[in-house]
């Protein structure tokens, strides 16, 4: 026992530092405490880096502490995001027999009607911006909310606990299929801990209850099945990921080369049919109008932590004198589509690693041009990077904490110098990695022409 403690003393000390930091993060820190927020976040990254460095060959130890770190948040109320209040609302609405896509929380509150338990508290928690819009969370995501309502229909803390357990289970599933995929790709198994042990993932997904973890569980499971040539089942599982978050739709064209024409048609067909079936209980003409309008808001109304879009917006101010988001928000998605088409047909994407690399750069380009880039969005890039040579998402997962400095003032206004620093670091690392790869493969790994 003494020899075991002596062997692990550095790791145990680092784990203890991380435990204390996570507890403070979960139960004390608020997002306006930016000095403590960044200091603790940095400390957690340093501790996690050395934990991984010391235990690269002891994966079981890393798994245990990664799960323990997540369990520390079990009874915490998210302190960096208000979205979970809407999750609880939606789940309870379904259990009360309402279609959550047809009603806004505000429509009830303004009439003095309270359709779910703790309606006023939930509405106050989610805020008027969230409460005034229709929900855009797909059916399997809604199922997670319903499960929380079934087990804790009258407790906000209880609902958060249930959702957190679902997210932790999803992360464990990501670890399981992620390590299997790494093994099949003959990549180092410890790569998975760039995701699984990452403080960014633990805080943003487990801590703040963002369901990217559930989406990514289905994505990595689907990729593993695809690598094993089980494309039919992979299509079903991939459809589930789309039914958690819509973002995997962006990846669909990229499967074309790996699958070939006939299998691609079958794959896309299965994904489409499964999602139609999942949405079927909610579908109506009113649902379609509400859902498309709500999704459109992300392109033409909301702004946060953007890069290329902010430059385009400033050019618009210079020439037109007002915010051109309504115009720019329509143009940028077209630019993304063109980029996806280019890497679909003019980049070699036949192996699993090539496919995942294309997915990484396709989604990165989408976020680089987006009007809104919330921190938890980067989780998808981070997981994809685990299976590639690129580590710029890992750097981004650290530096993105400074985006929370927008909440340091009462108006929640962004400091554009802070955003400039964030993207300067991210683009700088990306460019360095591209040049490094160019030296070894003689051509750019983002969009090189097929021989």
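Yeah, the Cβs are placed from backbone N, Cα and C, and that goes for glycine too.
According to TrEMBL, the protein carries these features:
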TRANSMEM  12-30  transmembrane segment
TRANSMEM  36-52  transmembrane segment
TRANSMEM  59-77  transmembrane segment
TRANSMEM  156-177  transmembrane segment
TRANSMEM  189-211  transmembrane segment
TRANSMEM  231-255  transmembrane segment
TRANSMEM  267-289  transmembrane segment
TRANSMEM  324-346  transmembrane segment
TRANSMEM  366-387  transmembrane segment
TRANSMEM  394-410  transmembrane segment
TRANSMEM  416-435  transmembrane segment
The transmembrane segment (366-387) and the transmembrane segment (189-211) contact flag, 3+ Cβ pairs under 8 angstroms: yes
Two-stretch contact, the transmembrane segment (324-346) and the transmembrane segment (156-177), at least three Cβ pairs under 8 Å: no
Beyond the flanks of the transmembrane segment (394-410) by 6 or more, those residues with Cβ under 8 Å of it: 31-32, 34, 37-38, 41-42, 45, 80, 194, 198, 200-201, 304-305, 373, 375, 378-379, 381-382, 385, 418-419, 421-422, 425-426, 429
Leading contact stretch, 59-77, 231-255, 267-289 vs the transmembrane segment (189-211) - CB distance under 8 Å: 59-77
The transmembrane segment (156-177) touching the transmembrane segment (231-255) per 3+ Cβ pairs under 8 Å rule: no
Remote residues contacting the transmembrane segment (156-177) - C-beta distance under 8 A, at least 6 residues beyond either end: 63, 66-67, 70-71, 73-78, 84-85, 87-88, 91, 118, 121-122, 125, 144-145, 147-149, 192, 195-196, 201, 205-206, 209-211, 213-214, 216-217, 220-221, 224, 383
